[in-house]
Number of protein chains: 2
Amino acid sequence: MKTKLSIVKIGGNIINDDQELSRFLKLFSKIKGNKILVHGGGKKATEIGEKLGVISKMVNGRRITNTESLDVAIMVYGGLLNKKIVAELQALGCNAIGMSGADGNTITAKKRPVGDIDFGLVGDVEKVNSSSISVFLNAGLTPTFCALTHNGKGQLLNTNADTIAAELAIAMSSEFETTLYYCFEKKGVLRSIDDENSVLQHIDSKKYKSLLADGIIADGMLPKMHNCFHALQQNVKQVCIGNSDMLQEENSNFTTLTL
Amino acid sequence: MKTKLSIVKIGGNIINDDQELSRFLKLFSKIKGNKILVHGGGKKATEIGEKLGVISKMVNGRRITNTESLDVAIMVYGGLLNKKIVAELQALGCNAIGMSGADGNTITAKKRPVGDIDFGLVGDVEKVNSSSISVFLNAGLTPTFCALTHNGKGQLLNTNADTIAAELAIAMSSEFETTLYYCFEKKGVLRSIDDENSVLQHIDSKKYKSLLADGIIADGMLPKMHNCFHALQQNVKQVCIGNSDMLQEENSNFTTLTL
């Protein structure tokens, strides 16, 4: 039987609020067994970028990463946020180790090919080095990833945190029974967007298709759910979507996805 | 017989110059066997700090670390410099892993007690977790430390990079035959400060005392040498002082210190 592994991804809604982040980290630190944390950015990067006079370039509503904005990402995601999360987890008795994909050569990526848009220094995950990550897990460490990868040729690349979490979960599933948690601001996938309590507690492939057909899964939820089912098809055991409370053992009011 | 370990510390003179840093990293990556890199800050932190409107407070010529300047250190040392060094080492085939003392709980420190001066968020090293660092070395990784530690209670602390290197060397010497390299701008400890070629190639305890008595070791060299002999007295095999070139195998024109 494979050992269990929990991979938890948090985004801006938690990172932007010190109190909410502390609350989350307390819950995260209590997860038993092997665990990995993946964190995105948040408004701090925008704030620091503005102060430094770095202007986020947008094309067709998509953010472009140039050298200056990558430097801000490295400073804020890889430095400020990552190290503070690690120090706080250490205080909670969780032996965290902060990393980008360059550290221990854990995640390599390719610069996204230039199509209609040149996204700049953005990377699409190429390979997760699961054996390197296993060394950390087996030593009792909790790898804590920021949303940066590298191309193996000395270039760091900005990479979507949701994707990093999914790719980590897929790669680690060869050795571990992996559950992937996406923590966001809502209690789960909602049947009705206006009703916070209309959480769909379980979605399998069949239900997913019908929800798509009925237009219940739409907008921002579309790529997220696509990512989730992609991970499930690649041997990830289950994916859970909800807010920080889903990490509380007694709580079951969140969305669980299985094939 | 103990396995060999090289611990190399670099400072601002290398970090401030991209070309010099690349040259150093090439030489460093060629060191055979177990190795650890420790890097200090450099003018980038001052530059970013100024742009962010963070004013470095000085008291009696000593820098005070407040919350804002610590954040800059975390961003620049822990983020920008550390991750770029790691990515560049990876490209050179050296499996580097960037860390602060909080990562893997590798280095704990105590906030420096308030005496005549309150240095603020500055830490004096309390404990190096050598077994945690050994896990990384035994996995073929090259720990790459920035000059940050933590107090185990969630607080990161600014810590002198020379001291971190010395404390790492002392702690690792129980398991490894450790050589500590201090890379700086000169070829070594000079007999005459004005003569770049007056390198003292070997200094032992006896010679050290006579050099002190003759006033040849003075000013900034005093605490550095004190640190070195402290490390040697704590079982570090040897300490080498020179510029990047001392890492070239055929070069012997640098200073070697032994007891």
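Positions of Cβ are set from backbone N, Cα and C atoms, glycine also.
According to TrEMBL, the domain 'Aspartate/glutamate/uridylate kinase' annotation covers A:5-243. According to TrEMBL, the site 'Transition state stabilizer' annotation covers A:K9, A:K224. Residues or ranges marked as substrate binding site in TrEMBL: A:G41, A:G42, A:R63, A:N158.
This view paints the features noted in TrEMBL onto the structure.
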residue	record	Cβ within 10 Å
A:K9	site 'Transition state stabilizer'	25
A:G41	substrate binding site	20
A:G42	substrate binding site	20
A:R63	substrate binding site	13
A:N158	substrate binding site	24
A:K224	site 'Transition state stabilizer'	17
Among A:G41, A:G42, A:R63, A:N158, the record's substrate binders - longest CA distance, Å:
14
A:K9 (site 'Transition state stabilizer') versus A:R63 (substrate binding site) - Cα distance in angstrom:
21
Pairwise Cα distance for A:K9 (site 'Transition state stabilizer')/A:K224 (site 'Transition state stabilizer') [Å, integer]:
12
Does DSSP give A:K9 (site 'Transition state stabilizer') helix, strand or coil?
strand
Whose Cβ lies within 8 Å of the mean position of the Cβ atoms of A:G41, A:G42, A:R63, A:N158, the substrate site, other than those residues?
A:G40, A:A45, A:A73, A:Y77, A:A147
Which of the three DSSP-derived classes (helix, strand, coil) applies to A:R63 (substrate binding site)?
strand
